[in-house]
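*Asks:* When I checked Swiss-Prot for this same protein, it listed these features:
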- 1-141: domain 'Globin' (DOMAIN)
- Ser3: phosphoserine (MOD_RES)
- Lys11: N6-succinyllysine (MOD_RES)
- Lys16: N6-succinyllysine (MOD_RES)
- Lys16: N6-acetyllysine (MOD_RES)
- Tyr24: phosphotyrosine (MOD_RES)
- Ser35: phosphoserine (MOD_RES)
- Lys40: N6-succinyllysine (MOD_RES)
- Ser49: phosphoserine (MOD_RES)
- His58: O2 binding site (BINDING)
- His87: heme b binding site (BINDING)
- Ser102: phosphoserine (MOD_RES)
- Thr108: phosphothreonine (MOD_RES)
- Ser124: phosphoserine (MOD_RES)
- Thr134: phosphothreonine (MOD_RES)
Amino acid sequence: VLSPADKSNVKAAWDKVGGSAGDYGAEALERMFLSFPTTKTYFPHFDLSHGSAQVKGHGKKVGDALGNAVAHLDDLPGALSALSDLHAHKLRVDPVNFKLLSHCLLVTVACHHPNDFTPAVHASLDKFLANVSTVLVSKYR
């Protein structure tokens with residue numbers, strides 16, 4: 001459960017991401033594909049090269065979904081229900097991949113905002129992304 005301080009940290013960090021959420025999402029995806037090559041198996045139809053339109057497009061979806069989650073911190077299950085259904089029933093993404101992408105998102109935010117990425121912000125974003133991952137895998141059972 002996110003504390004009031006966590007919620008404040010997440011909102012403040014996401015405000016810094018601002019209109020670049022799609023770019024951060026794409027960068028995190030690229031980082032994930034390079035660091036964890038097995039994740040590429042879910043995107044056999046994508047051009048996974050640096051800067052590809054398909055990775056940018058999916059990065060925008062990731063960024064938009066996270067922005068929606070930040071806007072609904074008190075109701076993540078409601079905000080992410082359709083996405084949970086999609087990943088569990090249609091895409092059948094292995095749940096471990098959400099943890100890998102979360103790690104890559106943390107690294108991406110830290111790289112772009114090193115002075116703002118304090119231990120407290122890091123912990124809050126990590127909790128938030130863990131909560132998002134938990135919601136996304138909730139329909140797997």
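Every residue number used here counts from 1 along the chain in the order it is shown.
Yeah, the Cβs are placed from backbone N, Cα and C, and that goes for glycine too.
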*Asks:* Out of Ser3, Ser35, Ser49, His58, Thr108, which of these recorded positions is nearest Lys16 (N6-succinyllysine) by C-alpha distance?
*Replies:* Thr108
*Asks:* Does DSSP give Ser49 (phosphoserine) helix, strand or coil?
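*Replies:* In three-state terms, Ser49 (phosphoserine) counts as coil.
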*Asks:* If you run the three-state DSSP split on Ser35 (phosphoserine), which class comes out?
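*Replies:* In three-state terms, Ser35 (phosphoserine) counts as helix.
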*Asks:* Relative to the Cβ position of Lys40 (N6-succinyllysine), how many further Cβ atoms are located within 10 Å?
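*Replies:* Its Cβ has 13 other Cβ atoms within 10 Å.
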*Asks:* Whole-number Å distance between the CA of Tyr24 (phosphotyrosine) and the CA of Thr134 (phosphothreonine)?
*Replies:* 21
*Asks:* Quick check on the domain 'Globin' (1-141): DSSP residue counts for helix, strand, coil, in that order please.
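*Replies:* For that range the per-state counts are 115 helix, 0 strand, 26 coil.
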*Asks:* Can you tell me how far the Cα of Ser35 (phosphoserine) sits from the Cα of Ser102 (phosphoserine), in Å?
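*Replies:* Ser102 (phosphoserine) has its Cα 13 Å from the Cα of Ser35 (phosphoserine).
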*Asks:* Distance between Ser49 (phosphoserine) and Thr134 (phosphothreonine) at the Cα atoms, whole Å?
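*Replies:* About 29 Å separates the two Cα atoms.
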